[in-house]
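Asker: Before anything else, here's the structure in question.
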Amino acid sequence: MGSRRRYVKLGARVAFFFARDSYRHDAISASPVRAVVDAIREIPVQRRGPAVTTYTQTLAGTTYRFDGLIDLLAKATPRRSGDELAGCAAASDAERAAAQWALADVGLDTFLRDLVVPYETDEVTRLIIDRYDRASFSAVSHLTVGGLRDWLLEVAATPTAADTLRRVAPGLTPEMVAAVSKLMRNQDLIAVARSATVTSAFRTTLGLPGRLATRLQPNHPTDDPRGVAAATLDGLLHGCGDAVIGINPATDSPQATADLLYLLDDIRVRYQIPTQSCVLSHVTTTIELIEQGVPVDLVFQSIAGTEGANRSFGVSLDLLRTAHDAGRSLQRGTVGDNVMYFETGQGSALSAHAHLGSGGRPVDQQTLEARAYAVAREFAPLLVNTVVGFIGPEYLYDGKQIARAGLEDHFCGKLLGLPMGVDVCYTNHAEADQDDVDTLLTLLGVAGCNFVITVPGADDVMLGYQSMSFHDALYARRALGLRPAPEFEAWLQRLGIADESGRVLPHALESSPLRSLAAPA
């Protein structure tokens, strides 16, 4: 994310601490750690507000009560550490099951009346309600959340599923989609997401059935052009980079960003690569560089699901509209004009203390994540990806929670009509490893994920987290019968990097058409 460095610093300060000992980790007594954790816990929470509907469900002789829709959504969410940190998670598996049971009976029209975050004080809520399409909603308006789950699974089994889901998407709000995801098993999330086709295009066409694109991420801790070029060469020779060649800059200075943009554009033009480049600096930096005539393909920004969280990123909807217009004005695309690139991630609102909803109650992180997709949807982006395990175990504790969140985010994004990708990743202090990455990558490949992130050796040397390697993308494509974007695949074949089946061929660097990348000027 453009603000990933903020999370790295946060993770360095905050050890994983909860009042409960259910994770069996050692209690942390260091005062800096407690100070940060207590600061989050001591946010005033108003448990009840005016006109709050109480939901009840009896299970095994125990009656569970849920204080409004916000509480019901949070308690129905599969277990994750971020919700426990926020104080809104279910206290037991039984309470979670009761909440899911009660949530299944909530009518979808409830989400248009009982707003999770107030309309009057949050521009993301206003965007959601003002853009909601009543005609599209009419196909499912009579359903409950549980009924929507049944309907989605029925539609997913039909040959016209992609068209049906495309028609209904403008009528679904993020809260509806988040709610139904809480009732679904992993296989349900995969089955429905796989049946939804969302395409986007700039110089490559992304999201076509049977395709898995990759972002080539050649980050370098000092933005050294030789290091960036070497990592780019490595990725291209492994058939990666069809979604974007995208760099997280070590600094956000306009000059450093411009230097990287010129470097990537020179590589693209010199080798006639049908792809797009992006330096993931703040949107204001990118707008400034566009005005200076720097070769900008995509405009990037990290976004979140509340106005307050977006404010912590230094953005608003008006600023994003300005950026979108600036990017479109360059007309640099060849097969399409989708110019925006957004990154999101569960827990971003909580980390910014911007996770409170109506009545001052904490909203679960997955619902807030889905709301970020409404922001992305407004700008018809080329790329959207959740950086699913990046913020750390404070929000997604282990490989199981990361995998579940990745499938939820992908499902919600696709159902809302987004060209959804995932950075399958984790931090070094999380209870996760590369086996968890392999598992989630495979599941996402089956689910029809548009693109994934790839870095040299699966270890980002600038951001200091673990993701996927170029080899991992080759595995997924080969094992699942997937191919790169068609324009990029044709280029790989033309240069002899891949054969007609899409398989990357053995090659010697000294005879490669890309060999000059190994020694840039």
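Even glycines carry a Cβ here, placed using N, Cα and C.
If you look up TrEMBL, you'll see ARG215, LEU216, GLN217, ASN248, GLU343, ASP423 marked as substrate binding site. Annotation source TrEMBL lists adenosylcob(III)alamin binding site at PRO249, GLN301, SER351, MET462.
What's the neighbourhood like for each of these?
Answerer: Neighbours of GLN217 (substrate binding site), defined as other CB atoms within 10 A of its CB across all chains, total 26.
Around PRO249 (adenosylcob(III)alamin binding site), a 10 Å sphere centred on its CB holds 22 further CB atoms from the protein chains shown.
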Asker: Inside 10 Å of the Cβ of GLU343 (substrate binding site), count up the other Cβ atoms and send me the figure.
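Answerer: Within a 10 Å radius of the Cβ of GLU343 (substrate binding site) lie 27 other Cβ atoms.
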Asker: Among all protein chains shown, how many Cβ atoms are found within 10 Å of the Cβ of MET462 (adenosylcob(III)alamin binding site), not counting that one?
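Answerer: Cβ-Cβ neighbours of MET462 (adenosylcob(III)alamin binding site) within 10 Å number 21.
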Asker: Let me make sure I understand the structure: which of the binding-site residues listed (ASN248, GLN301, SER351) has the fewest other Cβ atoms within 10 A of its Cβ?
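Answerer: Looking at the binding-site residues ASN248, GLN301, SER351, the Cβ with the fewest others within 10 Å is that of ASN248.
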Asker: Of PRO249, GLN301, SER351, which is closest to GLN217 (substrate binding site) if I measure between C-alpha atoms? They're all binding-site residues.
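Answerer: Checked the binding-site residues PRO249, GLN301, SER351; minimum Cα distance to GLN217 (substrate binding site) goes to PRO249.
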Asker: Return only the integer: C-alpha distance in Å from ASN248 (substrate binding site) to MET462 (adenosylcob(III)alamin binding site).
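Answerer: Distance between the two Cα atoms comes out at 8 Å.
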Asker: Sort the binding-site residues PRO249, GLN301, SER351, MET462 by C-alpha distance from GLU343 (substrate binding site) and give me just the closest.
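Answerer: Among PRO249, GLN301, SER351, MET462, GLN301.
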